[in-house]
Amino acid sequence: MEPQVTLNVTFKNEIQSFLVSDPENTTWADIEAMVKVSFDLNTIQIKYLDEENEEVSINSQGEYEEALKMAVKQGNQLQMQVHEGHHVVDEAPPPVVGAKRLAARAGKKPLAHYSSLVRVLGSDMKTPEDPAVQSFPLVPCDTDQPQDKPPDWFTSYLETFREQVVNETVEKLEQKLHEKLVLQNPSLGSCPSEVSMPTSEETLFLPENQFSWHIACNNCQRRIVGVRYQCSLCPSYNICEDCEAGPYGHDTNHVLLKLRRPVVGSSEPFCHSKYSTPRLPAALEQVRLQKQVDKNFLKAEKQRLRAEKKQRKAEVKELKKQLKLHRKIHLWNSIHGLQSPKSPLGRPESLLQSNTLMLPLQPCTSVMPMLSAAFVDENLPDGTHLQPGTKFIKHWRMKNTGNVKWSADTKLKFMWGNLTLASTEKKDVLVPCLKAGHVGVVSVEFIAPALEGTYTSHWRLSHKGQQFGPRVWCSIIVDPFPSEESPDNIEKGMISSSKTDDLTCQQEETFLLAKEERQLGEVTEQTEGTAACIPQKAKNVASERELYIPSVDLLTAQDLLSFELLDINIVQELERVPHNTPVDVTPCMSPLPHDSPLIEKPGLGQIEEENEGAGFKALPDSMVSVKRKAENIASVEEAEEDLSGTQFVCETVIRSLTLDAAPDHNPPCRQKSLQMTFALPEGPLGNEKEEIIHIAEEEAVMEEEEDEEDEEEEDELKDEVQSQSSASSEDYIIILPECFDTSRPLGDSMYSSALSQPGLERGAEGKPGVEAGQEPAEAGERLPGGENQPQEHSISDILTTSQTLETVPLIPEVVELPPSLPRSSPCVHHHGSPGVDLPVTIPEVSSVPDQIRGEPRGSSGLVNSRQKSYDHSRHHHGSSIAGGLVKGALSVAASAYKALFAGPPVTAQPIISEDQTAALMAHLFEMGFCDRQLNLRLLKKHNYNILQVVTELLQLNNNDWYSQRY
């Protein structure tokens with residue numbers, strides 16, 4: 001909206017100000033009427049002062065708009081001068097002569113007086129012509145009377161007629177105005193009598209010369225008589241003089257125009273006053289409504305144009321995309337030379353003509369040339385039995401599932417196989433020129449070899465050296481001359497005779513990729529009958545890649561693996577021939593033929609060898625009992641399993657935590673002899689020491705397992721395992737130790753199982769009655785009857801021993817194996833290893849190797865030279881593992897030590913030798929205490945009491961950790 005302009009109008013030293021807005025709301029006719037009414041003038045000439053203080057006349061709407069533009073530049077102020085014009089009264093004869101000349105010249109009837117009024121109203125309130133003068137041409141010419149003056153009777157008649165027409169017109173205008181006012185102000189409907197009161201000379205001009213406007217006051221709702229105040233910005237707002245003096249509900253910033261009476265014509269003040277009474281506000285209201293309608297129309301038109309513009313932009317963008325796409329297609333076709341006049345794919349012009357105006361991007365799928373095929377059916381199913389030397393033709397029904405017609409360059413290419421061809425030189429077979437979606441037959445002629453056996457030949461479609469589609473093959477069984485076809489073989493051969501038309505699984509069976517061909521350069525084919533290798537050069541298709549082959553035709557992992565095995569053992573690979581089953585039931589990997597003579601059924605030994613890394617090995621107890629016998633420690637041989645570092649740590653931690661839990665994963669085998677020289681005291685304490693010594697022996701044996709990777713010993717172990725296995729039973733049972741019971745907290749089971757078990761282990765020299773591999777539960781049952789070991793040293797008594805020296809003892813809980821489990825699963829292979837030896841992966845590996853049990857109190861000669869060498873060889877590995885573990889692992893070590901050395905105190909302190917000192921240092925190194933000087937100083941300080949040394953080291957580490965963190 002334009003800014004408001006103040007008009008300062010001056011007339012004979014009288015100045016009045018008018019506040020106007022844009023020229024659309026307040027027109028030049030409104031300004032002229034307001035000026036005339038304000039200064040009570042009839043004929044005026046308005047001039048304004050421009051920038052050079054020169055007077056410029058205003059006589060039209062355009063000049064008025066220019067004046068407003070000038071006022072905006074002058075601070076929204078416009079100085080205007082009003083000059084009163086002299087009204088010249090037209091004399092009757094000249095207009096009569098002029099009117100006669102007009103009538104004579106035009107030959108038309110002049111307008112009547114009321115029509116003239118209507119025309120004057122439509123031309124912005126211009127001064128109308130004299131109606132009395134125009135009425136004279138209606139008088140018929142009387143030849144007897146002079147033409148200068150009409151007769152009196154005619155003049156009086158016309159005056160009466162004129163008054164009647166004017167009254168009727170004014171009444172109609174008042175009625176229309178009243179209807180509009182009622183619509184705008186419903187309160188006026190209650191007083192229609194006041195508004196529609198019949199007008200007459202007495203009501204129009206009241207005494208005291210007050211004019212009745214026939215308009216209701218917007219404030220008091222009464223008819224305005226006399227002075228009327230109209231808002232200069234809101235033409236429909238009118239109030240009377242009394243309301244203007246008091247408060248009224250309107251914007252105080254709007255200037256009110258004071259109107260005494262409407263503008264009247266100079267010749268007929270009475271008629272024009274009656275006419276102008278209702279027309280002025282009605283005209284303003286109509287203009288306002290029309291402008292509002294125009295504004296709404298313009299707004300809707302702008303929105304429509306804006307939407308059309310957006311749509312055109314989107315269309316142009318889409319056309320640009322399609323044009324860019326067609327350019328790429330044209331460039332792609334021109335590069336790869338598919339400009340064949342017969343093929344519509346080589347004509348990008350036709351594509352542009354047909355698809356340029358298509359908004360959706362549809363030509364992507366139809367333009368890309370794609371080679372693809374699907375296997376439908378065949379004539380000779382896999383496993384067909386033939387006589388030697390039989391000449392036969394293998395047919396494959398193939399469907400062209402791509403969008404390119406097969407040409408002379410499309411051939412069926414030989415890949416590998418040992419089935420004799422009828423023509424050895426013919427490695428590529430022509431295929432029919434199939435159109436997209438058509439089905440055809442591809443045939444190859446073979447000759448059955450002379451020797452009996454299974455023969456195969458693998459083929460694949462190729463276009464200009466680029467392979468595509470599924471791999472097809474022919475697999476037959478050549479019988480000996482005395483045909484011995486059993487019903488089983490016939491049934492096996494006919495299992496996969498039904499075929500269906502599908503593509504997915506058969507394409508997953510594809511064996512060879514063009515990429516593989518480019519990398520290898522040639523494919524080795526080997527026939528079983530001639531035993532000759534015929535290298536075939538594959539075509540280099542890198543420079544001639546013209547057609548797109550979908551990814552579903554690429555080779556699977558099974559095919560790549562089979563291709564790598566092809567050069568290693570072609571005979572064995574040729575026996576693993578998949579059946580030509582229909583594509584919807586083809587297995588994901590090639591099945592083995594039921595009658596293959598070269599592939600043995602994988603036995604327990606192979607399965608055991610494959611599962612050896614995962615650690616899931618066990619044996620049924622029937623085989624274990626065969627090998628279980630009392631063997632002397634001094635006469636056993638070495639046969640150890642190779643373990644990785646991670647498995648060794650897992651096993652060591654589990655063994656240190658669970659001495660009574662589960663069997664070893666190795667079968668009972670010959671054991672390593674250990675030479676140890678020490679004196680064992682008699683009694684329960686001696687048995688406990690003896691068990692600890694056996695634990696040290698076990699760790700030495702474990703070191704031997706890790707260091708000696710002898711293939712002969714591994715084979716011997718495997719043979720031993722296989723000899724104990726059963727052909728009918730290949731189930732594996734894994735008994736997890738007590739520490740894996742997730743329903744119990746770690747404090748209940750983890751450390752309690754780390755205690756010694758003197759009732760379960762014996763030295764082989766003095767007590768050969770109890771086998772080394774016996775289960776803890778069984779040993780507990782046998783001890784009271786068959787052994788002299790006291791009952792109070794059973795596992796229950798050991799479990800009830802406090803593991804932390806001050807806490808409440810544990811409640812003994814000995815769980816026997818269920819009857820369904822083996823009575824004695826694969827037993828341990830060391831005397832001192834009753835714990836679990838399963839390499840089960842543990843989420844948090846404890847840093848407590850079971851070498852910590854090598855130095856109990858009261859033992860005189862505990863560690864031999866082999867233990868020393870083992871500790872030295874392992875301490876670097878143990879320190880590297882313990883260096884990455886957290887404080888919780890150290891607390892586990894301390895708790896295990898407390899549980900280990902919770903036995904009865906010994907008064908006599910043994911003399912510590914240099915080897916024993918080195919062993920203690922190695923223990924500390926494996927637990928992560930790598931400060932040699934500090935360890936040696938603490939050992940001397942605590943008189944080689946490793947429990948006190950570990951406790952003080954833990955306190956030092958905790959203090960250092962807190963000081964560094966906080």
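Backbone N, Cα and C atoms are what each Cβ position is placed from, and that goes for glycine too.
Quick look at what Swiss-Prot lists:
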| type | residues | note |
| --- | --- | --- |
| MOD_RES | Ser116 | phosphoserine |
| ZN_FING | 212-264 | zinc finger |
| BINDING | Cys231, Cys234, His250, His254 | Zn(2+) 2 binding site |
| REGION | 542-636 | region 'ATG8 family protein-binding' |
| MOD_RES | Thr586 | phosphothreonine |
| MOD_RES | Ser590 | phosphoserine |
| MOD_RES | Ser596 | phosphoserine |
| MOD_RES | Ser625 | phosphoserine |
| REGION | 699-728 | region 'Disordered' |
| COMPBIAS | 699-718 | compositional bias 'Acidic residues' |
| REGION | 727-738 | region 'ATG8 family protein-binding' |
| REGION | 750-792 | region 'Disordered' |
| REGION | 848-879 | region 'Disordered' |
| DOMAIN | 913-957 | domain 'UBA' |
Quiz item: Within the chain of Cys231 (Zn(2+) 2 binding site), which residues six or more apart in sequence place their C-beta under 8 angstroms from its C-beta?
Solution: Tyr237, Asn238, His250, His254, Val255, Leu256, Leu257
Quiz prompt | Average pLDDT across the zinc finger (212-264), rounded to a whole number | solution = 84
Quiz item: Which residues, same chain and not among Cys231, Cys234, His250, His254, have a CB within 8 angstroms of the centroid of the CB atoms at the recorded Zn(2+) 2 site?
Solution: Ser232, Leu233, Tyr237, Asp251, Leu256
Practice problem: Around the Cβ of His250 (Zn(2+) 2 binding site), how many other Cβ atoms lie within 10 Å? Please give the count over every shown protein chain. | Solution: 17
Self-check item: Helix, strand and coil totals (DSSP H, G, I; E, B; other) for the zinc finger (212-264)
Solution: 5 helix, 19 strand, 29 coil
Practice problem: Among the binding-site residues Cys234, His254, point out the residue whose Cβ has the most other Cβ atoms within 10 Å, with all shown protein chains included in the count. | Solution: Cys234
Quiz item: Where DSSP helix means H, G or I and strand means E or B, what are the helix, strand and coil counts for the domain 'UBA' (913-957)?
Solution: 35 helix, 0 strand, 10 coil
